[in-house]
Amino acid sequence: MTAPAIELKAINKRFGPVWANRDIDLKVMPGTVHGIVGENGAGKSTLMSILYGFYTADTGEILVNGQNLDIRNSQQAIQAGIGMVHQHFMLVEPFTVLENVMLGMEGQAVLANARGKARKALQDIASRYGLEVDPDAIVGELPVGLQQRVEILKALYRGAKILILDEPTSVLTPQETGQLFEILESLRSQGVTVLLITHKLKEIMAITNHVSIMRAGTMVAHRETAHTSPEELAELMVGRKVLLRVDKQPAQPGEQRMEIKNLDYSDDRGVRRLKDINFNLRSGEILGVAGVSGNGQSELLKMLSGALAPNQGVMVLDTRAGHSELSAGSWRDAAEIRDLGIAHVPENRLRQALVKAFSAAENAILGYHDKPEYGETFLEPEKVVNATEVMMEAYDVRPRLPGLKTANFSGGNQQKLVLAREMLKEPDILLIGQPTRGVDIGAIEFIHRNMIAARDKGAAVLLVSVELDEILSLSDRIIVMNDGAITGEVMASETNEAELGLLMTSTAGEVPTAGNGPTGGAKAPQSEQQEEAVA
Amino acid sequence: MSPILAESPRWVRIGLVPALQLALALVISSLVVLIIGEDPVQAFAIMIRGATNLEFGGFHSTLYYTTNFIFTGLAVALAFHAGLFNIGGEGQAYVAGLGIAIVCLLFDSTLSVWLMAPLVILASAAFGAIWGVIPGYLQAKRGSHIVVTTIMFNFIAMALMSYALVVHISPLGGNSTDSRYWNSDAVFPKWNEMMPDAPFSLLNPTLILALVCCWLVWLLVWRTRLGYAIRTVGSNPHAATYAGINASRTIIITMAISGALAGMMAVNEVYGAQGRLILNFTSGFGFMGIAVALMGRNHPFGVVLASLLFGALYQGGTELQFEISSINPQMVLVIQGLVVFFTGALDRLVRGPVEGAFLRYQLAKAKKAEAADAAVAGGN
């Protein structure tokens, strides 16, 4: 029997009072793809950071190819043949692919020779593993999928035989994910060992040979992928049975609540972030907005909720506050829009929806703090705390301590607090971005159920998510965004991932344009003459 | 990873940690005193006696200095809540002195103290507010960094005041830099003028104003919607935008109030203690407000405690120079500096390990309790 490529024995790591990793054992056989799944905070990233030398384990052993190693920094990890592709790329965007690959390995003060050698080595690696990238392309202008390829090349160039990929698909379209998996297949066939960290069970099933499941800092199980199922993995991750599918009745859309006409927005630097957006939203339906992260969805949400004002366009609202028309010149701020019966659960809860340093009770009134129900002249703490207790009860926020600092709640409970704050007001329109990002599987189930319940009570829900599964299972109708424009509208019941994936990379107006990548590269053709693509 | 960290108990955070920091400052200061060949025990005895004795007015003087520190400390603390580092307290207080001088020069022969006092307080707050609101406006609307602009405004205040004093206010002409004395019927009486038995000191009713301001700042920050907005803008500007809070407006208002608070320090000096306007009457109190706010954890009650400490250090330090000739004013500054260093600048040095130890202790206790529960429940 060959020695495992990686063997971890009884790894322990504590951060202050918190056990990030406890008695972790792991064996990864050479030439396999080994998945590591677990919820946020389960300790996956810590474990990989220990392997890659960012952290040093308190106790425990690391064996690489049967040799006991003491890895104290990433240089030593690289020497041991370990490479890592981070979730957020570590690339110098204005540099070319070649320069990025060479970075830190230039060898001598004058670059001319090194560049020639590196170019040759790079071409060898690229052709061997099927990783074609133009070495002279500027990295910042490449689509995300290719940037990731550069990261992989970087690791291989440094002689990596063991590759750690941290949530590699979180920024990719379904098509790019497919391409990545082909690359992983080819790496595997060439004897490279791949460690794949993810929380997407479907990917585990699709590509891995073995899978290890982590929960709360411990390794709870190892499975052969062929002998397990997503249901079993989810149960192992959460520690109880989980409903992976969302139960819902067909939507019964009512009257129109919101209509967006010709919305256009350019940011401070003059980059056109939203291009002629048109859609409508009815009561009793969930409208999903699909797209690769960074294609205008964030700006759209900010605009509809009043955090940004557009350069052009009109928003027509029919809510409890009556009929109102907001145009670019007379946009409202977030407080005024909230008064019109619109609630907003933002994409990034710690950045936008919560103040970490505040208590749960203080955050429970954020945005509604001017309402007289929280005190007349002065804010009255008892009233605020009482309201918070109601929210915590209704949305099962734990622990039920209104006075506890918000930073001390887990991600799922923070999100539940935000949802409770926004949804208990029974808004006419609910804007909701990435509702389950960084949230435990158990909480995801709960959040999805509540969104459906809000819809069934007649709310008009706009859901922005980069998780296609979430879009497909929750939405009734779906619009797809790419490069700031809407590239298509489909009914959720009549579409699939492949079609959405195509729309996510196509250009508005159904004009197939060459070289217009999903990031809407730096020189994406301006779509002046585009007519609206929405039926 | 989101480590779940509970906070250590309040008495550790605001009692034990500052006490340890002070002790550390004391130890290092003792070494310094030893190095110059004096007895640290004797030196600190002199300082403590100097700052607390009642018969020669040591404690009264401590309170007089405390008053200055409260105002400038509150000014810095409030701005901190909005995420603003107002280091312009010095200039704001200085310009406020000009406001008081104008009021006094115009009305001190016609109005009684009962009318003058409110007018003077208003003038000082208004002039301080103006000197605070301009940097606030520049920060909010133009993105000019508040640290840079408030420093510049300190210099502008200095120049403005020198000009005003020499050219317009000084009755003597030449290069004289004092105003005339205000009419004694129109100014705050000193404590010893109100209490015939009390020893002479510069303590005056402004202390009461300072304490009232502490309460008002507490009310503002934790009980009003404006305070809520200030704290939101200070801790997370994105959340403020999300909530519909106008960050620019909040910043401008905060800087106006902060400037007004710093400005009222001039009431203690120009209207209460000196009875006239003199060059450099702020003498660093505005800057020390930063240390006061730091040590007081930006809480009005903490600011009062820190002000008392710094007031005592000032007064005790002054006594020390008189008693031990080899200890010069610079030496006293070193001691004060060490206190600022350990309580403010090096806060984490003591706070981290002490609070960490408490967290670990609590966790161990919780684990034990959990184990006991599990044993009772039979392992759930």
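Positions of Cβ are set from backbone N, Cα and C atoms, glycine also.
Long-range contacts of the transmembrane segment (B:12-37) within the same chain, counting only residues at least 6 positions beyond its ends with a Cβ under 8 Å from a Cβ of the stretch, are 43-44, 295, 297, 302, 309, 326-327, 331, 334-335, 338-339, 341-343, 346-347, 350-351, 354-355, 358. Residues or ranges marked as transmembrane segment by TrEMBL: B:12-37 (among others).
Among the features that TrEMBL reports, transmembrane segment is placed at B:63-84 (among others).
According to TrEMBL, the transmembrane segment annotation covers B:91-108 (among others).
As annotated by TrEMBL, transmembrane segment applies to B:114-134 (among others). Sequence-distant contacts of the transmembrane segment (B:114-134), counting only residues of its own chain at least 6 positions beyond either end whose CB sits under 8 Å from a CB of the stretch, comprise 75, 86, 88, 91-93, 95-100, 102-104, 107-108, 149, 153, 157, 186-188, 205, 209, 252, 255-264, 266-267, 270-271.
Taken from TrEMBL, the feature transmembrane segment applies to B:146-166 (among others).
TrEMBL lists B:202-221 (among others) with the feature transmembrane segment.
Look at TrEMBL and you will find B:251-271 (among others) tagged as transmembrane segment.
What TrEMBL records for B:277-294 (among others) is transmembrane segment.
According to TrEMBL, the feature transmembrane segment maps to B:301-318 (among others).
Marked as transmembrane segment by TrEMBL: B:330-350 (among others).
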Contact set of the transmembrane segment (B:277-294) with the rest of its chain, CB cutoff 8 A exclusive, min separation 6+ beyond the ends, reads 68-77, 80, 87-94, 97-98, 100-101, 154, 161-162, 165, 169, 177-179, 262, 265-266, 269-270, 303, 306-307, 310, 340, 343-345, 347
Relative to the transmembrane segment (B:91-108), which of B:202-221, B:251-271, B:330-350 accounts for the most Cβ pairs at distances under 8 Å? B:251-271
Given a Cβ distance threshold of under 8 angstroms, which distant residues of the chain, six or more beyond its ends, lie next to the transmembrane segment (B:251-271)? 64, 67-68, 71-72, 74-76, 78-79, 81-82, 84, 86, 88-90, 92-97, 99-101, 104, 117, 120-121, 124-133, 135-137, 139-140, 146, 182, 187-188, 204, 206-207, 209-210, 213, 217, 220, 226, 230, 233, 277, 281-282, 285-286, 289
Within the same chain, the residues 6 or more beyond the ends of the transmembrane segment (B:202-221) and with Cβ under 8 Å of it are 57, 60-61, 63-64, 66-67, 70-71, 74, 77-78, 81, 117, 121, 188-192, 227, 230-231, 257, 261, 264, 267-268, 271-273, 299-301, 303-304
Do any residues, 6 or more residues outside the transmembrane segment (B:63-84), come within under 8 Å Cβ-to-Cβ of it, and if so which ones? 90, 92-93, 132, 136, 139, 146, 201-204, 206-207, 210-211, 213-214, 217, 220-221, 227, 230-231, 233-235, 237, 250-251, 254-255, 257-259, 261-265, 268-269, 273, 285-286, 288-290, 292-293, 296, 298-300, 303-304, 306-308, 310-311, 314-315
